[in-house]
Amino acid sequence: MSKPIYVLSGPNLNLLGTREPEIYGHQTLDDVRRLCEARAKSLGREIVFRQSNHEGELIDWIQEAREKACALVINPAGYGHTSVAILDALKAVGLPVVECHLSNPAARETFRRKTYVSLAATGVVSGFGAASYELAVEAAAGLAR
């Protein structure tokens, strides 16, 4: 069996469906997980889907992916704008990385328009709500090693 695609979500994404639904939509993180699993299955892939509000835990999972994953999808949420540590972990992992955002950061507040994660990402998918994750999984499957 081939290695899975890791799909990692950062802080506050556990609140999807209730937190600012006018920006992030009404689907829950569990809904997003099911969409990703279905897309991966249709592509002959599996995923490992995780969320954490803790930077260190996300870094641990990124480092774990180095040996256990074929590609990585990450929605860093707020950490995208602040975490050089996550950037460094992504650069060290040696895997294709697809950055994913539910909203379009370029169309939001100035501080959201740049992410450190983009410096390590092979590509970025944003602005399509929960479908951003599906598209990111599809891209990661195409890039997988």
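Backbone N, Cα and C atoms are what each Cβ position is placed from, and that goes for glycine too.
If you check Swiss-Prot, you get these features:
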ACT_SITE  Tyr24  active site, proton acceptor
ACT_SITE  His101  active site, proton donor
BINDING   Asn75, His81, Asp88, Leu102, Ser103, Arg112  substrate binding site
SITE      Arg19  site 'Transition state stabilizer'
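Feature map: Swiss-Prot annotations on the structure.
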residue	record	Cβ contacts under 8 Å, 6 or more apart
Arg19	site 'Transition state stabilizer'	Asn12
Asn75	substrate binding site	Leu8, Ser9, Gly10, Leu13, Glu99, Cys100, His101, Leu102, Ser132, Tyr133
Asp88	substrate binding site	none
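In this structure, of the recorded positions His81, His101, the smallest number of CB atoms within 10 A of the CB marks His81. In the three-state DSSP scheme, Arg19 (site 'Transition state stabilizer') is classed as coil. Take the CB of Ser103 (substrate binding site) and look out to 10 A: across all protein chains shown you find 17 other CB atoms.
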